[in-house]
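Here is what Swiss-Prot says about this protein:
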- 1-16: topological domain 'Cytoplasmic' (TOPO_DOM)
- 38-89: topological domain 'Lumenal' (TOPO_DOM)
- 111-136: topological domain 'Cytoplasmic' (TOPO_DOM)
- 158-169: topological domain 'Lumenal' (TOPO_DOM)
- 191-206: topological domain 'Cytoplasmic' (TOPO_DOM)
- 228-277: topological domain 'Lumenal' (TOPO_DOM)
- 299-330: topological domain 'Cytoplasmic' (TOPO_DOM)
- 17-37: transmembrane segment (TRANSMEM)
- 90-110: transmembrane segment (TRANSMEM)
- 137-157: transmembrane segment (TRANSMEM)
- 170-190: transmembrane segment (TRANSMEM)
- 207-227: transmembrane segment (TRANSMEM)
- 278-298: transmembrane segment (TRANSMEM)
């Protein structure tokens with residue numbers, strides 16, 4: 001197996017190690033919540049760091065020192081502002097390199113190398129088959145970065161014009177992590193493009209001719225999942241509006257419709273499906289991106305678990321057939 005293709009399966013670089021560590025941390029947090037109550041950590045800070053919004057309020061009484069580090073949950077919009085600007089810039093650099101042959105900026109190239117990217121190989125040493133594979137991967141990277149930017153832009157729109165935020169809070173550590181998260185995700189996507197020095201492996205003159213079934217399927221899954229997530233957010237928003245669309249309260253109600261008929265956190269399920277659609281776009285065998293998906297799975301599952309417990313403890317009439325995150329399973 002040649003060059004970067006072989007390295008794809010064998011190297012645990014700093015980027016992969018980071019995603020693996022994040023996934024393991026959220027898996028551990030989830031397992032602790034599923035364990036018997038006597039085994040749960042009593043540390044208020046631990047509980048404060050893994051909860052946000054309504055689930056933070058529904059837990060045990062929080063010490064004043066924890067409340068001092070609260071920031072409004074509506075600051076979620078800041079995450080998407082950062083993502084639109086940062087990942088839009090990365091998309092611009094990638095487009096310039098793919099279609100015009102412009103090299104990446106020195107700082108970006110150095111950052112990718114620091115993260116331990118394995119996609120660097122001298123072009124002259126690659127076979128024709130490897131060059132074709134490189135073009136497919138370049139197209140996958142371009143499409144996934146477009147998906148990430150479109151996703152962030154839609155979520156930013158929803159934060160401003162759809163969502164109705166209550167006065168709940170997130171911890172300042174969660175806020176800082178959210179700001180860094182989309183920067184890291186964008187770099188993870190960009191790191192998958194094959195490069196020779198500061199130039200992208202495959203120029204984009206005939207890039208679209210490299211489209212394969214997984215590119216098309218991934219695109220279809222992305223828009224399908226995004227449409228469901230948007231619908232779920234509209235459903236949640238309408239719980240706090242009257243028929244004219246005017247916000248009348250910020251209380252919590254039981255959501256019905258779309259994937260909410262199956263799970264309590266349908267929007268989190270849609271988020272997972274969006275990331276899986278990106279894994280499909282990468283051809284289903286990109287180890288690095290599957291580590292990202294694994295992190296998303298456990299982080300969303302943890303939040304969904306808290307949501308589900310909140311709904312069940314708050315509403316006596318809550319549908320008993322609903323699961324927390326995965327239909328019919330969990």
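Just so it is clear, glycine is given a Cβ too, placed from its N, Cα and C backbone atoms.
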>> Restricting to CB pairs under 8 Å, which listed stretch, 90-110, 207-227, 278-298, is in contact most with the transmembrane segment (17-37)?
In response: 278-298
>> Counting only residues 6 or more past its boundaries, what in the same chain has a CB within less than 8 Å of a CB in the topological domain 'Lumenal' (158-169)?
In response: 52-54, 56-57, 67, 70-74, 76-77, 80, 230, 233-234, 236-237, 240-241, 247, 250-251
>> What does the DSSP secondary structure composition of the topological domain 'Lumenal' (158-169) look like, as residue counts for helix, strand and coil?
In response: 4 helix, 1 strand, 7 coil
> Under an 8 Å Cβ to Cβ limit, what residues of the same chain, 6 or more beyond the ends of the transmembrane segment (278-298), are close to it?
Replying inline: 8-9, 15-16, 19-20, 22-23, 26-27, 30, 136-137, 140-141, 143-144, 147-148, 185, 188-189, 191-192, 212, 214-215, 217-219, 221-222, 271-272
